[in-house]
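Asker: As annotated by TrEMBL, domain 'Alanine racemase N-terminal' applies to 3-216. Annotation source TrEMBL lists N6-(pyridoxal phosphate)lysine at LYS26.
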Amino acid sequence: MSIEENLNSIEADLNGKKVVLVAVSKTKPVEDIQTAYNAGIRDFGENKVQELMGKESELPKDIRWHLIGHLQRNKVKYIVGKVYLIHSLDSIRLLNELEKHYSAEGLIANTLVQINIGREESKTGIYVENLESLIEACENCTSVKVRGLMAVIPQGDEESCRYYFKEMKSIFDKLKERKFKNISMNVLSMGMTHDYKIAVEEGATLVRIGEGIFGKRNYNK
Ligand SMILES: *Cc1c(COP(=O)(O)O)cnc(C)c1O
């Protein structure tokens, strides 16, 4: 199916729900992004800073770029002012680096805290027990705002997906009831090509879809 056809069928699934669709364009050429853009998509996700920067410079300025991959501290300086939402805040050290560079430019870093909900060693994100101390540190910032939570759940069957999505929703709802400085719970970023329908049923407000829009990725090119 073409990119347009894929988008139509995903949008039909999301129709009537208040869910943001982020088109994950990693490894894909700017032509594909332009095609999705022409079909009305404005939110695009990349997992590598360099790739995002290269595409950002070539594509329309009204695109909202989402950084969905792990962010190394030494790359923060490149993204200031270029990224709409950072989905991968996962340490106090990264928080401090964001605070330093964004405050120097008089800008605000909008972020999601990434949680390693499946406690997988191969994945980034913080463990739930470290959430409180990260939140406390955020309260002392002037230039970093937390807008919600993000997770990449372990691969598994439908029951397993539901379990992790529910865990995330429950953490999200509990934080939402409390009042913190600099922290609001508006965005729950979870769900990818194979599980986004389940994620939406379980309360996702944003889904990140790559192969379901652009087709299989080839990492060997
Ligand atoms: C690649 C990626 C996605 C999209 O995955 P698909 O299976 O292609 O939909 C979503 N989120 C993150 C963090 C990713 O790295």
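We number each residue from 1, going along the chain as drawn.
Keep in mind that glycine also has a Cβ here, set from the backbone N, Cα and C atoms.
Tell me about the setting of these features in this model.
Answerer: Across all of the domain 'Alanine racemase N-terminal' (3-216), the predicted model scores a mean pLDDT of 97.
Within 10 Å of the C-beta of LYS26 (N6-(pyridoxal phosphate)lysine) we count 18 further C-beta atoms, all protein chains included.
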